[in-house]
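Chemist: I grabbed these lines from TrEMBL:
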TRANSMEM  22-41  transmembrane segment
TRANSMEM  71-91  transmembrane segment
TRANSMEM  103-127  transmembrane segment
TRANSMEM  133-154  transmembrane segment
TRANSMEM  166-188  transmembrane segment
TRANSMEM  194-215  transmembrane segment
REGION    293-313  region 'Disordered'
COMPBIAS  301-313  compositional bias 'Polar residues'
DOMAIN    368-408  domain 'UBA'
Amino acid sequence: MRPNIVTEAGLQTRVGQWWESIPFLTSAVVVVCGVIYLVCLLSGYDSFYEICFLPTAVVSHFQVYRNYTSILFHGSLLHVLFNMLALVPLGSELERIMGSIRLAYLIILLATTNAIFHLFIALLVAHNPFHPYPYLMNECAIGFSGILFSMIVIETSLSGVQSRSVFGLFNVPAKWYAFILLVVFQLLMTNVSLLGHLCGILSGFAYIYGLFNFLMAGASSFSAIEASSWLSSCVRRPKFILCTGGSPTSYIPTYSGQNTTSSGLLTGNIWRNLSSWMPQRETSAQAEQDYRFPGRGRSLGSAQSETVPAVNSDSNLQARLLDNSNPDLSSHLGVTATREPLLDGRSSVAGNAVGATLGRPALLQHPAPSEEQIQKLVSMGFDKTQVEVAISAADGDLNVAVEILMSQQG
């Protein structure tokens, strides 16, 4: 399209394009929460006391269903709108990393652990011997925001950024980002469940530190679910992302480095989602950029050679890289293999990594992965040996390492 002219795409077209860019599970959660709110609104249902998370009811009547019904109901239009607009960027990015089924399992797990933390803290505060405070036992909490706070912690850990921007006003260390949002929302909004949001943060940190590893199912289990006949209609949808990385849309965003500053997904991307619906003026034919993949991609290979043809696909290259038992690896991949273009514009350094693994001189010496990087990926359930190889192949970029590891699962 010629530059400096207004595109003819109307609001309806842009809404459709935005919706099609949202992966399967994330869009399903948005639809479910939206439909539930609409049905409650039209039917006049407002007995949230029956479905909210109420510690007293869970303890006295063992109403554990509240752990899950409470996250699907919302008290007002602003409540459901804000939560769903925050879910779209967070859920979309995590779904492209984990796959649709794995993320669904994670949401159920987070809903369960959030409720356990909530109940434990409420009981502890209500029955402490110094100053009993029974109010938390009778607090009725609803909404998806507890899960969102867990997602913020997990996504921030995976992104590897050192700082994040709060509403574009000031930067905070990434590890404190969720806590700062907790305080800001508590001060700016009314009827906000401090304990519900805090428990979401605690569940997020418990996940990234590997405390839930024994509860996480293996990749083979998720693959078996995806292969089941009752889910076949969902798997065939183009927006569905396989846990094995089989979906062509499952490539994750890259980040320019570990010391960059990232604007918070919960704040900046909401406005970006809204503004993407509006007609825009193009300034250059090359200015188009998918909002899911911000910034410019890095070249991870040696810049000295550009013309070596790609003999194998990217998935085969990654499979050979992580397959330490392949005796013919050196005959398929030369030690001087250079950059292979991937689907999202990045370059592969697998050839150099293989050369280093075989004890031959490589064009690029990769730094040894740090223990912190290894622990982050091991806590997600990956094998430590494969994690070390993948991080080396990804030149220390955790997002690329996760992509390589996910392609080998199943």
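Counting starts with 1 at the first residue shown.
Keep in mind that glycine also has a Cβ here, set from the backbone N, Cα and C atoms.
Automated prediction, rather than curation, is the source of TrEMBL annotations.
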Chemist: At a threshold of under 8 Å on Cβ distances, which of 22-41, 71-91, 103-127, 133-154, 194-215 pairs most often with the transmembrane segment (166-188)?
Modeler: 194-215
Chemist: Using a Cβ distance cut-off of under 8 Å, indicate which of 22-41, 103-127, 194-215 has the most pairs with the transmembrane segment (71-91).
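Modeler: Stretch with the highest Cβ contact count: 22-41.
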Chemist: Under 8 Å between C-beta atoms and at least six residues away from its ends: which parts of the chain pack against the transmembrane segment (22-41)?
Modeler: 72-74, 77, 80, 83-84, 87-88, 91-92, 95-96, 100, 103-104, 107, 144, 234, 237, 239-241, 249
Chemist: Report the DSSP secondary-structure composition of the domain 'UBA' (368-408) as helix, strand and coil residue counts.
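Modeler: In the domain 'UBA' (368-408), the DSSP-based counts are 28 helix, 0 strand, 13 coil.
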Chemist: Would you report the average pLDDT that the model assigns to the domain 'UBA' (368-408)?
Modeler: 81
